[in-house]
Amino acid sequence: MEKFVRLISMAPFFLLLCLPFALAGHDYGQALSKSILFFEAQRSGYLPHNQRVTWRSNSGLNDGKASGVDLVGGYYDAGDNVKFGLPMAFTITMMSWSIIEYGNQLGSSGELGHAMNAVKWGTDYLIKAHPQPDVLYGEVGDGNTDHYCWQRPEDMTTDRRAYKIDPSNPGSDLAGETAAAMAAASIVFRRSNPSYANELLTHARQAGRSNFAAKLFDFADKYRGKYDSSITVAQKYYRSVSGYNDELLWAAAWLYQATNNQYYLNYLGNNGDSMGGTGWGMTEFGWDVKYAGVQTLVAKFLMQGKAGQHAPVFEEYQQKAEYFMCSCLGKGSRNVQKTPGGLIFRQRWNNMQFVTSASFLTTVYSDYLASAGRNLNCAAGNVAPSQLLAFAKSQVDYILGDNPRATSYMVGYGNNYPQQVHHRGSSIVSYKVDPTFVTCRGGYATWFSRKGSDPNLLTGAIVGGPDAYDNFADERDNYEQTEPATYNNAPLLGLLARLSGGHGGYNQLLPGIYIYDICLLISFSLVVPAPIEKKPAPQPKITPAPVLQSSNYGVCFSASTSAPVAIVQKTTATWIARGKTYYRYSTIVTNKSAKELKDIKLSISKLYGPLWGLTKSGNFYAFPSWITSLAAGKSLEFVYVHSASAADVSVSSYTLA
């Protein structure tokens with residue numbers, strides 16, 4: 001569990017095709033899967049039937065009962081059994097942002113459903129924690145009594161008191177971050193679960209702009225104060241050093257992105273100066289200090305052409321966003337500290353949280369700049385967007401083992417990772433293996449003091465990491481370096497999805513709200529039977545393909561999965577420009593056979609706009625220049641934009657070798 005952090009250093013659109021970044025050295029897809037799995041180990045409450053971390057059991061089943069409210073569920077923040085609202089909400093915001101930006105890549109990796117489940121596990125709890133318009137529960141359990149014991153969540157006997165904020169005991173930072181989390185998550189669920197998305201927004205929105213008298217943003221803005229002045233037991237662990245202005249701006253930015261409501265854009269424009277959005281030049285971003293995140297989002301709005309009358313103010317936000325980016329690269333007027341091995345270093349206690357959050361911001365900003373066709377202007381000169389992405393990749397590679405110790409700081413990834421994690425659940429034998437009650441102090445004597453490896457593997461956890469000189473001690477009592485946290489992992493979802501799946505060839509600044517769908521929710525296909533095949537020849541030959549036509553009649557549309565080549569199309573963005581509605585379509589072509597797919601020819605009709613990711617060859621479309629074949633089970637994606645229903649895509653011919 002993290003103690004408080006000191007605040008420092010507060011001093012046209014067009015589509016651009018970017019080739020995927022070189023991905024040699026690490027299996028980012030495997031790391032992505034593991035990083036999401038970690039959240040299942042942190043679950044509190046009744047665990048679902050499809051729980052994949054099987055050494056965990058139900059816990060915290062009476063949370064909130066003494067206060068007359070149901071607070072069962074949510075996440076334990078780190079290696080203890082307390083539910084802290086501020087870092088939990090930030091975790092959910094960052095997971096949602098990862099999905100919003102890189103949902104396509106998550107979908108291609110097969111992890112989109114797991115990522116969305118991780119978000120919903122958190123937002124289900126946040127809804128419970130907001131039982132009344134001006135009441136928000138911000139903590140369950142007490143860090144002091146919890147730390148006195150070393151028990152599994154399933155056994156805990158510590159105080160489970162619930163702590164809240166209300167008009168008499170305000171907490172603008174807590175309420176603002178929770179509003180941001182709900183707004184960001186509403187974007188994630190808008191298409192697949194619209195009623196749930198609307199429910200999230202009714203909790204997040206301002207008074208008078210929803211069906212309720214007042215909601216979280218209005219509550220945060222109207223009754224101003226730091227949450228740790230009201231929930232004082234949080235001060236030792238998650239003290240709000242930066243105050244609440246950054247969270248109010250952060251919430252407004254997410255509510256604007258979720259609703260397109262001019263009220264929130266005006267809030268950002270009118271309060272940028274007075275609340276520090278245009279004044280603070282940051283070299284950190286995390287659960288406490290949100291300014292760099294706000295500045296990045298507002299810079300995105302500016303590059304999307306949405307600033308309007310606030311353009312001069314938004315340009316100041318953007319200058320501060322780029323101050324942060326340049327500082328990470330070491331090309332600014334004030335730069336972040338790095339270890340000899342090249343890792344960002346902010347503090348000894350759980351430094352890795354700053355590494356993953358900063359790397360996420362540089363990644364999304366790299367894609368924003370590439371989409372806008374511009375470079376980053378630093379004190380040391382112009383910087384191409386690819387350099388920001390290369391920086392983020394270097395940080396991820398360090399985490400995964402490319403460092404002086406050759407240690408992976410993700411548990412379960414690679415061959416050399418932490419074995420004695422500072423985590424109650426993983427360090428004590430599973431309740432399912434031995435249900436014998438573990439006492440409060442007995443856990444310290446029997447399990448905490450053990451020198452052996454943890455009996456339960458905390459797969460995917462990102463621990464606190466090395467010190468300023470790349471040194472690391474894998475010891476359970478070394479909580480500064482071996483304790484994990486949910487907010488360490490949350491930004492990694494987007495980072496690893498981007499590195500694993502590449503850019504995808506689409507513009508991250510497209511107007512409108514990004515929507516990602518799981519195609520199994522709504523799909524249908526039109527399949528014309530294949531012609532009778534000729535006798536097989538000894539050499540690979542071009543085979544007439546089944547005519548697999550994808551039709552647009554809603555969210556998602558696909559070709560039959562029984563054919564050797566499957567085509568799935570989906571609408572991933574929509575916007576209005578000059579009175580006309582435009583759609584962005586993503587099309588996935590998958591080799592369903594057991595052989596290598598070569599020389600494919602696709603027929604595409606009813607296409608009225610630009611297409612990226614294929615090569616035009618006469619009347620057909622072929623593989624792009626950087627792909628010569630598709631191995632069994634592999635896919636490629638191409639995208640196009642036009643103001644009509646989906647184009648008709650079919651397979652004309654192909655070779656299986």
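Just so you know, glycine gets a Cβ as well, placed from its N, Cα and C.
The active site feature in TrEMBL is assigned to H422, D474, E483. Sequence annotations record features per position, and here TrEMBL assigns domain 'Carbohydrate binding' to 565-645. Feature annotation from TrEMBL assigns signal peptide to 1-24.
Features as recorded by TrEMBL, highlighted on the structure.
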| residue | record | Cβ within 10 Å |
| --- | --- | --- |
| H422 | active site | 25 |
| D474 | active site | 17 |
| E483 | active site | 23 |
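The two recorded residues, D474 (active site) and H422 (active site), have Cα atoms 9 Å apart.
Each residue of the domain 'Carbohydrate binding' (565-645) gets a DSSP state, and the totals for helix, strand and coil are 0 helix, 52 strand, 29 coil. If you take the Cα of H422 (active site) and the Cα of E483 (active site), they are about 5 angstrom apart, rounded to a whole number. Within the model, the domain 'Carbohydrate binding' (565-645) carries an average pLDDT of 87.
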